[in-house]
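Under the heading Zn(2+) binding site, Swiss-Prot lists H120, H124, H130, citing sequence analysis as support.
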Amino acid sequence: MPVSLVIDNRQKQVEIEQKLIMLLEKAVITSLAYEGWDPDYEVSLSFVSNKEIQNLNRTYRGKDYATDVLSFPLVDDTDGFPMGEEKLLGDVVISVEKAVEQAKEYQHSFEREMGFLMVHSLFHLMGYDHLEETEAQEMRKREEIVLTEMGLVRE
């Protein structure tokens with residue numbers, strides 16, 4: 001079964017077009033494939049405002065500011081799923097408002113920023129982190145490989 005991306009658009013600042021959804025699905029598929037994971041996962045993706053992501057960041061991470069993306073992994077081990085059962089990889093929450101701001105700041109397209117945030121979040125869902133410098137370098141290297149494969153290079 002192919003990847004399932006369940007979308008919940010809770011913001012009104014930017015219209016989310018089908019082309020963007022397809023790009024984000026490709027980000028999931030490409031990230032999973034790079035890591036050698038089966039593509040048959042469900043990922044929940046919520047588009048929110050800065051205000052909502054700030055509330056979530058405060059609640060779940062104790063950090064009272066708007067961030068760009070939050071990841072909530074639901075999988076530790078891929079061996080524990082019975083045949084045919086839906087595999088829930090996790091939840092991704094993206095502040096579309098923050099993505100617009102960062103695309104302008106980094107002088108690249110909104111689509112490139114959204115693709116980066118999705119790939120970044122996927123690596124968190126697959127167990128990567130960036131608390132230590134060596135972890136951050138490894139995660140960044142993997143993200144750049146996937147983004148390049150998708151054609152989302154820095155402009």
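In case you wondered, yes, glycine gets a Cβ from its N, Cα and C as well.
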Cβ-Cβ neighbours of H130 (Zn(2+) binding site) (radius 10 Å): 16
Entry from the binding-site residues list H120, H124 having the most other CB atoms no farther than 10 A: H120
Output field, Zn(2+) shell: CB within 8 Å of site CB centroid, site H120, H124, H130 dropped: S71, S121, F123, Y128, D129, M139, E143
